[in-house]
Each structure stands twice: as structure tokens, then as C-alpha cells.
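The feature N-linked glycosylation site is assigned by Swiss-Prot to N262, N496. The transmembrane segment annotation in Swiss-Prot covers 24-44, 90-110, 126-146, 150-170, 203-223, 234-254, 295-315, 329-349, 365-385, 393-413, 433-453, 462-482.
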Amino acid sequence: MSYETIPTSDENFDRDVSATNRNVFGWYLYAFSSEPFIVSAMSTYFPLLLEEFARNNGVQVDDHTVACGAEDKHCVLPLFGRRVFVDTSSFALYTFALGVLLQTVLVISVSGVVDVCKTVRFKRNVLLSFGMVGGLATCSTVLLRGNQYYILALLTVISNCCYGVINVVGNSLLPDVVSDLKRVLYLYRVIDSDQLTTVISGRGSGIGYIAAFVVQLCSVWLLRQPEYRDDIRVAVLLVGGWWMLFQLPLIWMLDDVVVRENSTQFKWSRSRQYLKAGWQSLGHAAMHANLLKDVLIFLVGWFIISDSITTINSAAILFSKTELHMSTVNLVVISILTMINAVIGAYFVPQLLSERLELPPHQSLIYLICWAGVIPFYGTLGFVFQSIGLKHPFEMYILAVWYGISMGGLAAVSRSVFSLLIPRGKESTFFSLFSITDKGSSVVGPLLIGLITDKTHNIRYSFYFLFLFVVASIPVFNALNVQRGKVEAEELAGINESRLETNDGFA
């Protein structure tokens, strides 16, 4: 018998209600504390800071004995005892590629531990531990001297890896929070789990974006102060401090309301088994995906377009700084514009495409990909024309709006399309594969853009690659048949259910 079916006294029930409410607010606070890191620091601040450190320690492209000056348009950074020279923009891109690679490995490994030790208390401790390390790594950038670019890259990788872990663990808390909330609300009304999950998840995302928006506004104010003029490290310090400060109440807010079935106590002696479980889970997910043709088509297409969309942001920020010479404050404003329009795109674009234009799901995805492809295509026009094609700073503000709408719309539509293709009862397995595809793809783009920039010393050439990548995803998604995928998913779900019934019959 499940513990959840045991009747409780009024006193115990009131205690459960109070604990459940704390868990809900704790989950919102997790998003509130951590979202500014990925939206502000990783998307804008760290690329600028890495390029700045690289330029300050760089040398001229043609003469490696002469230090890089303020008037030099392109410079290279000596690495590994001056054995290797990389473009100052490439340094940031290579750091991101390495960070995402290590983050993916760490996330897969940690997910095995979380799947075995399912208690809210354990997940809370993981959130606090990695959040504290990530926050400290972020804040530590303010202590660096101008020549410590290796340490800056290391701190960037550490903080990004920590965010990846708390993002996965935080998302795994959502089903627990919903389950507990449904348990205490069932006395008052019938609750639909999917609807409750959607509501809480949506509110959490909204709260996270509000936090990121507040941090961005505070950063603009700080960077405009005479004593902090364009010192991006102050903005990074704000993000790290925010992350650590607002996660502290989780110590008192997140805890178990009921005993979780099949949960085990964490033991250091079983660490190898925990790590192995994460990779086995990934293998099982890949095996399931291999049985569904349209899931494979979607994941291949998503690998391509997700990589392109993510890399467009990094390339555009670095391009704006190195080619258009935009100030840090202006680049933060561009980031704010992107974020606001991403929210608008996520809310209104799916409704416009499906209800007003009556487009089928996969065609909506293709329309959004074409919309996003305008950005790198417009960047390539700069090779042909003198007055358009990202030749002026004001063009970046227009493209920030365009990019935000495409990013928000793609995120919303892609998840809804993918949800139609997966079998019942396997949602967690397939969405973990979706998440890993999303994260893993972000290694390729920055790495290739870094190589292109090293070869040409002109980051504008990266727009050719990004445009080709966006275009390459269109025939892949055009081969997607959502109706066929739904039938395959239903058939696989039916097979799994019949196996369970057969096993029950022999029990």
C-alpha cells in the first residue's frame, strides 16, 4: 500500500498543506534565483568579458611581438606558451564549446543519482551545493587580474556546468511538487495533473524571466555609473550574488511531504552505480527513439536548428562588440530587447500560426526556421552592400526583436510538436533525450565558428555557416510526418501496456 493512501488527521493534513505550499514557492524561487545566470551572464556578460580579457592580452595578427592596441581591429591571443594563437573572439567561442561539452557529461552523470535518490530533500541539497559553487565561480570573476584569462575561462566553464546540473535537478522537482499539490487539493476539486504541471511550469518560467529582466535593468544602471563605467565584471558579480542570495531560502522551503516510493538513501560507496545509471538511462532513451522514425527525424533536425539558434546569439554579441564597437550598456539593452520579444514569441506566435493561419505543427516549425534564417542571411549581405547588412549599430536593435520572436516561438512550438511524437508513459525518458540533444548540439556551433574566425579573423564569415545550418534543417523537418509519428507512438505505448498486463497476469 502506498503511503499516500493512508488517512491523516486534520493536524497532519494542515501540516502537509503548509509543506506543499512551501515546496511550490521554493520551486518558484529556484527559477527566480538561477534564471538570470543563463539569460544574462551566459548569453551576454561572459562572451563580452572573455573577449575583453583576450584582447587585453592579445597581439597583432601580422606581428606576434606587438601587443594589441585599441585601434587594432583584429587581434589574436597566445595560448599554451605561445604555441597556439586564436582570434580574440574565438577564445570565447572555444570556452563555450568546452563548457557545454563538460556540462552535458556532468548532467547525464548526475541525472542517474537523482533518478535513484528521488527525495525532495536530496534534490534540494544538490541544488544548493551546485548553486553555491556556480554562484561563487561567477562572483570570483570580479577578483581576477587582467592577465588571468585562463582562470576566467575555467570559472566560466565551472559556473555553466553547475547551472546545467541545477537546471536538470530543478526540472525533476516539478513532478514531485505537482504530485504533492494534487494530493492536498483533491478534497476540494478534481485536479488534472497535466494542467497543473503546465500552470506551475508556466509561472516558474515567467518568474525566472522577471528576475532576469530585473537583473538586466540593474546592470544597465550599474554600468552607467561613473565608477563602474562599462566594467562588465560588476554585472557578472550581480548575477552571481543574486544566484547565491535567493537560493538560500530553499534550505527551509524544500522538503519531503510524503515518503517517495522506490527512493533510496544516497551513499558515497555506490557513487559508481549512480553514475552508471545516468548513462544507462540515456542508452534506453536512445533505443526507444530508434523505434520511432519521426522522433529520430525530429531530433536530427532539432540538433541542427538548436545549434544554429544558440550560436547566432554568441556570434551576434561578439560581432557587435568587435565590428560595430557597441558599448557594453548598448549590448545589455539588446539582450533585454531579445528577452522581452522571446516571451512575446513564446506566447503569441504558436497561437498565430496554429489558430489564425491554421498551419499544421511541423509547417509552423518550418515557417519559424525560415524566419530565424533571415538573421544570418542579413549578416552576409554586409559582404555585398556598403550601407546594409549589419553595418550600423541600429540594425542590431531591429534584429534583436526579430531574433527574440523566433527564439521564443521555436522553443514553444518545438516542445509541442515533440510531445505529439512520444509514447504515453515515456514522457520523462524522451524529454531527457530532447534536453540532451539541445545541450549537446551547442558544442558544434561555437567550435566551428571559432575555427572560421581563426582562419579569417572576421566573425562576419560565421553568418555564412549559420545560414547554411539553418537551411539544412528545413528538408529534415519537411520529412517529418506528425500524423505518422502519433500512430507509431500509440502503437509503441500499446505494446508497452500489453507487456505490463502480461507481467501482472503472471504475478
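Every residue, even glycine, has its Cβ placed from backbone N, Cα and C.
Non-local neighbours of the transmembrane segment (150-170) in the same chain are 27, 30-31, 34, 37-38, 41-42, 46, 49-50, 53, 91, 95-96, 98-100, 102-104, 106-107, 110-111, 114, 123, 126-127, 130-131, 133-135, 137-138, 140-141, 144, 240, 435, 439; each lies 6+ residues outside the stretch with a CB under 8 Å from one of its CB atoms. Counting Cβ pairs under 8 Å to the transmembrane segment (90-110), the top-ranked stretch among 329-349, 365-385, 433-453 is 433-453. Using a cut-off of 8 Å between Cβ atoms, the transmembrane segment (329-349) and the transmembrane segment (433-453) share fewer than three residue pairs, counting only pairs 6 or more apart in sequence. Here the transmembrane segment (126-146) has Cβ contacts under 8 Å with residues 30, 33-34, 37, 41, 49, 53, 56-57, 110, 113-114, 152, 155, 158-159, 161-163, 165-166, 169-170, 233-234, 236-237, 239-241, 243-244, 247, 250-251, 254 of the same chain, all six or more residues outside its ends. Tertiary proximity for the transmembrane segment (365-385) is limited to same-chain residues at least six positions away from its ends with a CB under 8 Å from its CB atoms, namely 305, 308-309, 312, 316, 319, 349, 353, 359, 391, 395, 399, 402-403, 405-407, 409-410, 413-414, 417, 460, 463-464, 466-467, 470-471, 473-474, 477-478, 480.
When Cβ-Cβ distances under 8 Å to the transmembrane segment (203-223) are tallied for each of 24-44, 234-254, 462-482, the top count falls to 24-44. Remote same-chain residues near the transmembrane segment (234-254) are listed as 22-23, 25-27, 29-30, 32-34, 36-37, 40-41, 45-46, 49, 120-121, 123-124, 127-128, 131-132, 134-142, 159, 173, 211, 215, 218-219, 222-223, 228, 328, 332 (criterion: CB distance under 8 Å, separation of at least six residues from the stretch ends).
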